[in-house]
Amino acid sequence: VSMNHTTVVEFVLLGLANSRHLEITLFLFLVIAYFLILLGNFSVISITLLNNSLQTPMYYFLRNFALLEIAFTSTFMPSTLHSLLTERKTISLPGCFLQMMFFYYLGTCTLFHMAVMSVDRYVAICHPLHYTAIMNNRFCLQLILSCWAVSFLLMFPPTIMTVQLPFCGPNVMNHFYCDTSLLLQLSCADTGFIEELMLVILVIILPGTLTVTAVSYGCIIVTILHIPSSAGRKKAFSTCSAHLIVVLVFYSTCIYRYVRSAQRGGQDSDKVLSLFFSVLTQMLNPYIYSLRNKQVKQALKESILKFSGSL
């Protein structure tokens, strides 16, 4: 990365804690969380790929979502764990910009994927007779590619403008990953236009995808209420409530962190909010969206029995 009038060669990330004891505690917690994220999502990917009964649009979306979760968490988790373990707090300019770019790009993809999965569930529950005709292979692929393409088109312009900014010092960020709002604070140039552009993009992405998700689940709940069997209603509500809890936590923390009136970040509360939507929800997603599913659990059981039998 080459920039004019840039004297800063690296940034200092203060991280999650200011004491060694707390850093070790957080390291152990995040190692376990990262392991569960990888284990859950790799399990979803392998099970849905290898089991013939799971070759449906729903599991196609869940498999892509699991891959996205692994990529998103891996943009910051290895460097965060390394920082907690070794007390190394610095990151190079190119490394910081790459981390920022992939974090926001993959995070935006996550929001669009969640909206697409809610639409898939809406069609499956509210229009079951037309489900296979609507959610055919071509349309599913188009939806997935659209998520990636639209996310790139939205996040590429502000990312490129941020990378081209000059940084003359200071170089300290009170966060555990390279956050755009903090990078803009550290620049020695006028960043007003980039901040306004980022706010507009976030206002489009967050309320837009949330509206799609909320309307889809709203229609699903109305349909569930018309199920004659109380056991069927209870089971459906159990699944929907788990999905809605994840969506609520993810969106509420994202919106409060990035679209609140005080756009300038750098507070300790920002790091806590970021932990919620970047670690906690990522850890819960594979178990709530996929591994609680009866078909997935059955396929997992069969795979374990088959593997143990071969041994």
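Heads up, the Cβ atoms here are built off N, Cα and C, so glycines get one too.
Taken from TrEMBL, the feature domain 'G-protein coupled receptors family 1 profile' covers 40-289.
Annotation comment: TrEMBL describes 24-49 (among others) as transmembrane segment.
Marked as transmembrane segment by TrEMBL: 61-81 (among others).
Listed as Cβ neighbours of the transmembrane segment (101-119) (distance under 8 Å, sequence separation of 6 or more from its ends, same chain) are residues 58, 61-62, 64-65, 68-69, 71-72, 75-76, 143-144, 146-148, 150-152, 154-155, 159, 163, 177-178, 180, 205-206, 209, 212-213, 216-217, 243, 247, 250, 254, 278, 289. Taken from TrEMBL, the feature transmembrane segment applies to 101-119 (among others).
Look at TrEMBL and you will find 139-156 (among others) tagged as transmembrane segment.
Residues 108, 111-112, 114-115, 118-119, 121-122, 125-126, 154-155, 158, 233, 236-237, 240, 243-244, 247, 251, 254-255, 258-259, 263 of the same chain sit 6 or more residues outside the transmembrane segment (199-225) yet have a Cβ under 8 Å from a Cβ within it. Sequence annotations record features per position, and here TrEMBL assigns transmembrane segment to 199-225 (among others).
Among the features that TrEMBL reports, transmembrane segment is placed at 237-259 (among others). Counting same-chain residues at least six beyond the ends of the transmembrane segment (237-259), those with a Cβ under 8 angstroms from any Cβ of the stretch are 111, 114, 118, 121, 181, 199, 202-203, 206, 210, 213, 217, 220-221, 224, 265, 270, 273-274, 276-277, 280-281, 284-285, 288-289, 292.
Beyond its flanks by at least six residues, the transmembrane segment (271-291) meets 16, 30, 33, 36-37, 40-41, 43-44, 48, 59, 62, 65-66, 69, 72-73, 76-77, 107, 117, 174-177, 179, 242-243, 245-246, 249-250, 253-254, 256-257, 297, 300 of its own chain at Cβ-Cβ distances under 8 Å. Per TrEMBL, transmembrane segment is recorded for 271-291 (among others).
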Note to self: Considering every residue in the domain 'G-protein coupled receptors family 1 profile' (40-289), what is the mean pLDDT value?
What the structure shows: 87
Item checked: Contact set, same chain, for the transmembrane segment (24-49): CB under 8 Å, 6 or more residues outside the stretch -> 16-17, 55, 59-60, 62-63, 66-67, 69-70, 73, 77, 80-81, 84-85, 279-280, 282-283, 285-287, 290-291, 296, 299-300, 303
